[in-house]
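Right, one structure below, let's go through it.
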């Protein structure tokens, strides 16, 4: 379930007017921006951008970028974008960052539905005049590249069929490769990047039943290299992305200085999808409501905006 | 240019009636089938199938399969299908064949536009409840697998921009790898599977200018293994697929016993696209019109059907 409380009766033209007033002249009315954009879903935000462009012959996004700053600006910018376009931006930022942020790429490649992932690849090309895999492959090397490119280029079958025999044989293949620490084994990449998610769940369950430990725990050890860490993230994202995001939020908040990028990313990308579920997982694990934790670690307009997306009335 | 002469005024219901008569009762009227289906484009054939299904509660395709036989049946079956669905069938047959027919996979992955290739991946899932890359990866191994999976999962940028510096540096990368016979070099696969076709043309041209030999010719040598041969096909398909198809036709016709699969594949898949251009290339290379060569090497309804698709009035 989503946390976003989108207004049911809304007029894109009126919203555009209020936003125009809030950015015009001296000073910016951040409260108005939050109260409007923090209560509009993706389709509504799209209409507002369009109405704003038509009424004032300027791009709302660009205007907000120039009026706002810091973490608040980043969060508003990411929030306004269409989900596929936003993920294209997140992927691009991750790729261009020195030492590519694998986790963001893995999240996009494994958590989105096959159709959503393809929409991101399309959006990426419109924006950057390159394919996503082209830029990714040019900025990574070796085994990590093999894994990440295979994941982002996947178009998995999305059906619910399970082949139990295959789950057993591929659980064994994964187990043997992991036991031998052959994390770059072609078969690991083949299985994780081509099988349907339902089939992979069956494979991971079989792994746990046959080997008395979850595949995710097997991969989690001191001294793991980048590839092993990446595989661990892949399996966590495929297996239970809500638990995975809870951990991202927890780490982001706990860190000295808060990891705003991670905080913004999870809240902005999940507010319209399943942030309510992630909040529940968070509460179970931390005995503190996520809103309280976020409120404690952030401030100002950025804090208000995140709390609005988290469902504060 | 296409060779197919599609009828402009057509009624799917009347066509369905004629086809019904041609398959009903004793004997089959192959001439009627050819004269209708051999003059209908993909959109028209789709409507005919639909009209037939609605009028007679049976699948035209299945009925034709049971009435026809041999190469003629195969050609009609492939022709009736939607192009994306047909390519999904061709890919599936190629994958399941012992020793996977790489060339068919390479043709689909490199000659189709990025959107068309994606449509084939969608059609493949609808038909086979697996992803194309999933089945391909499960039926191949090693370097060939790396190459083929990278090619079929690509969604290349389709724009016309050329980065000349990149063309130079990647022509050098390709040249160095080929010189060292490192045909399985990750960089070869990266470049061939992620760069846009326009960019690759520039890279291949640069290769030829700098190294005084075309990359395609460099790869063509006695004793080449499967991977080297596959790379050669990839580059030919990317570079000039009409010349490539001319060669496929020539080899198919010249072979003792004619390679009907290849003949059918090229004629059926290109009749609505660019078979006229391929015919021209064929004539230039062989000084014999393609129709004559086909007529000499085939017979009966199969021959009549191919010649109709080749544009015989």
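Backbone N, Cα and C define each Cβ position, glycine as well.
Quick look at what TrEMBL lists:
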| type | residues | note |
| --- | --- | --- |
| BINDING | B:25, B:27, B:67 | Ca(2+) 1 binding site |
| BINDING | B:253, B:255, B:257, B:297 | Ca(2+) 2 binding site |
| BINDING | B:295, B:298 | Ca(2+) 3 binding site |
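Overlay of TrEMBL annotations on the structure.
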| residue | record | Cβ contacts under 8 Å, 6 or more apart |
| --- | --- | --- |
| B:25 | Ca(2+) 1 binding site | none |
| B:27 | Ca(2+) 1 binding site | none |
| B:67 | Ca(2+) 1 binding site | B:23, B:28 |
| B:253 | Ca(2+) 2 binding site | B:263, B:293, B:294, B:297 |
| B:255 | Ca(2+) 2 binding site | none |
| B:295 | Ca(2+) 3 binding site | B:303, B:307 |
| B:298 | Ca(2+) 3 binding site | B:71, B:258, B:260, B:263, B:306 |
Cβ-centroid neighbourhood (8 Å) of the Ca(2+) 1 site, B:25, B:27, B:67 excluded: B:22, B:23, B:24, B:26, B:28, B:29
Number of other Cβ atoms within 10 Å of the Cβ of residue B:297 (Ca(2+) 2 binding site) across all protein chains: 18
Residue B:67 (Ca(2+) 1 binding site) in three-state DSSP notation: helix
